[in-house]
Amino acid sequence: MWKIGNIYFIAAVAVIGGALFGFDISSMSAIISTQPYLCQFNQRGHDENGLCLGPTDDVQGGITAAMPGGSWLGALVSGIVSDAFGRKTSIQLGAIIWIIGSVVVCASVNIPMLAIGRVINGFSVGICSAQVPVYISEISPPSKRGRLIGFQQWAITWGILIMFFICYGSSFIPGTAAFRLPWGLQAVPAGLLFLGLVFLPESPRWLAKKDRWEQAVEVLTLIHGKGDPNSPWVIRELSEIREVVEFERANADVSYFELFTPGMINRTQVGVFTQIWSQLTGMNVMMYYITYVFTMAGLSEPGTNAVLLPSGIQFVINVVMTVPALLWMDRWGRRPTLLVGAFLMCFWLCINASLFAVYGRAPYPGEFTSTAESMAVEGPPAKAIIAATYLFVASFAPTWGPVSWTYPPELFPLRLRGKAVALCTSANWAFNFALAYFVPAAFANITWRVYVIFATFCAAMFLHVFFMFPETANKPLEEIEEMFDDTKPGSIKYIGTPAWKTKNTRNLALRQERNETLSAEEKMGVSGEHKESAA
Ligand code: BGC
């Protein structure tokens, strides 16, 4: 079968899985307040004007959370599927499951059917969100790996934006088409993902692990050798992969539990916390509950959906501000990007906490509809809150957003990568689920202090990154392993090279990819910290 070797094209198809993730995040937001939806899934009867009141709060919470709940499960099992059947096959399986879930939600006539459809959709997103980064990381050249996996985040932001506006637009259609249309349309990209993948090569590293060396060489030749199996890059990469596969076969304990052994637990905590922290930045407060925040800042007009437009703007900012990361994240390196992101988000959250604390008042009875809208601010401080919220989104988008996907697959050895990334991604979904559930109650009970809590998390993640997260940008995956396994003087037992001593060695990586020969000393310097710690 004819296969496509252009790495950008491969990434572009694979990240459609990311768009499904984005649909997942915004698939409810603009729909849950529409009459067709509230009447179809009505449990609470009608108000005095004859309008449907829809499901109870708890049941609505359950319907919303069904998706991240399913995603958590999907992410967790994806590692087993991906290691057994291949990266590509597992993503294709995800696409098929998404289509089934979309048919069920689109056709749903009652609450159980809707909830089951959302669990199925979530399951699919769990698989794709975990295995797309694994696939891309194993197929990319080191100097572009960050950018290529970063495309997944870009696709997520596009997915959120597109689905938000499709739902918003559909909410004006009379009848149940208001929700059936967007929930049916979302199946289309999954069809494209499935078909597109037929023409993409399997991960060469997974093929090698399965002893399918001939195919592994073919893929490397196609994607990195410009058709020449004897290109120095292909030969070097192949020998690195062979070394690792043979070593792993001889020495490794190839089970899930290895992630928790002394030699591996450090990587596991770094990877899992990359995803946990990305959730604890508070970004999804902005994604899920922006309308609450902007209502408190005076942007809503009773009886209208005026608050939706400024909310939509933040989704646009999210898409646009991911672009700098795609262009420069490999140049910036992972550590500086995470540190700057944590610092900036902490700053904007503190500004919002202070503005709400100093200028906020309790809302008048009947002023707002949700108990989560627990403060009201007017005038210039309200404008400052809106600005700081946009700036917060603009700080997450080029930093923790993309790096939270790029970093985990880089940390783990081949034999564990599928399962390890599955575990990290499931942590994303577990915290995503928890935040979606608890944030409204938190706003209702502790008002502006919610911002203080997230600011504290940002400060904690800054320190955690500084002391524990090593630089991985531009290093071949096999060399990252050496960094963690480093036992030379200056290294730390079970941790390897201290994180703050690790460096981004971009120039050397670029030269290697251009097939320039490096001197023995320079080769050592590809992971410059080895030299340093040996000194
Ligand atoms: C996070 C999502 C979030 C999205 C926002 C992703 O990296 O995992 O939870 O909604 O970014 O762009």
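Just so it is clear, glycine is given a Cβ too, placed from its N, Cα and C backbone atoms.
Residues annotated as domain 'Major facilitator superfamily (MFS) profile' in TrEMBL: 10-473.
The region 'Disordered' annotation in TrEMBL covers 512-535.
Look at TrEMBL and you will find 7-32 (among others) tagged as transmembrane segment. Beyond the ends of the transmembrane segment (7-32), by six or more residues, the same chain brings 38, 54, 60, 63-64, 67-68, 71, 91, 94-95, 98, 121-122, 124-125, 128-129, 131-132, 135-136, 139-141, 144, 148-149, 151-164, 167-168, 170-171, 178-179, 182-183, 186, 189-190, 192-193, 196-197, 199-201, 223, 284, 287-288, 291, 308, 315 to within a C-beta distance below 8 angstroms of the stretch.
Positions annotated as transmembrane segment by TrEMBL: 93-113 (among others).
Per TrEMBL, transmembrane segment is recorded for 148-171 (among others).
Summarising the annotation, TrEMBL assigns transmembrane segment to 183-200 (among others). Tertiary proximity for the transmembrane segment (183-200) is limited to same-chain residues at least six positions away from its ends with a CB under 8 Å from its CB atoms, namely 1-4, 10, 13-14, 16-17, 19-20, 23, 27, 88, 91-92, 95-96, 98-99, 102-103, 105-106, 124, 128, 163, 166.
What TrEMBL records for 276-295 (among others) is transmembrane segment.
Marked as transmembrane segment by TrEMBL: 307-327 (among others). Listed as Cβ neighbours of the transmembrane segment (307-327) (distance under 8 Å, sequence separation of 6 or more from its ends, same chain) are residues 26, 30, 146-147, 150-151, 153-154, 157-158, 160-161, 164-165, 168, 286, 290-291, 294-295, 299-301, 337, 386, 389-390, 393-394, 396-399, 401-403.
Residues annotated as transmembrane segment in TrEMBL: 339-362 (among others). Note on the transmembrane segment (339-362): residues 277, 281-282, 296, 374-379, 381-382, 384-385, 388-389, 391-392, 395-396, 398-400, 403, 447-449, 451-452, 454-455, 458-459, 461-462, 465-466 of its chain, located 6 or more positions outside it, place their CB under 8 angstroms from a CB of the stretch.
Positions annotated as transmembrane segment by TrEMBL: 382-400 (among others).
Annotation source TrEMBL lists transmembrane segment at 420-444 (among others). Sequence-remote contacts of a segment are chain residues at least 6 beyond its ends whose Cβ falls under 8 Å from one of its Cβ atoms, and for the transmembrane segment (420-444) they are 61, 64-65, 68-69, 71-73, 75-80, 82, 126, 129-131, 133-134, 259, 267-268, 271-276, 278-280, 284-285, 288-289, 292, 370-374, 404, 408-409, 411-412, 450, 453.
Residues or ranges marked as transmembrane segment in TrEMBL: 450-469 (among others). Packing against the transmembrane segment (450-469) from elsewhere in the chain are residues 266, 269-270, 273-274, 277, 280-282, 285, 334-335, 338-339, 342-343, 345-346, 349-350, 352-353, 356, 407, 439, 442-443, 495, 499-500: each is 6 or more residues past its ends and has a CB under 8 Å from a CB in it.
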Sort out for me which stretch, of 93-113, 148-171, 382-400, has the most Cβ pairs below 8 angstroms to the transmembrane segment (276-295).
382-400
Outside the transmembrane segment (93-113), six or more residues from its ends: residues with CB under 8 Å to it:
17, 20, 40-41, 43, 55, 59, 63, 74, 78, 81, 85, 119-125, 127-128, 131, 180, 183-184, 186-187, 190-191, 193-194, 197
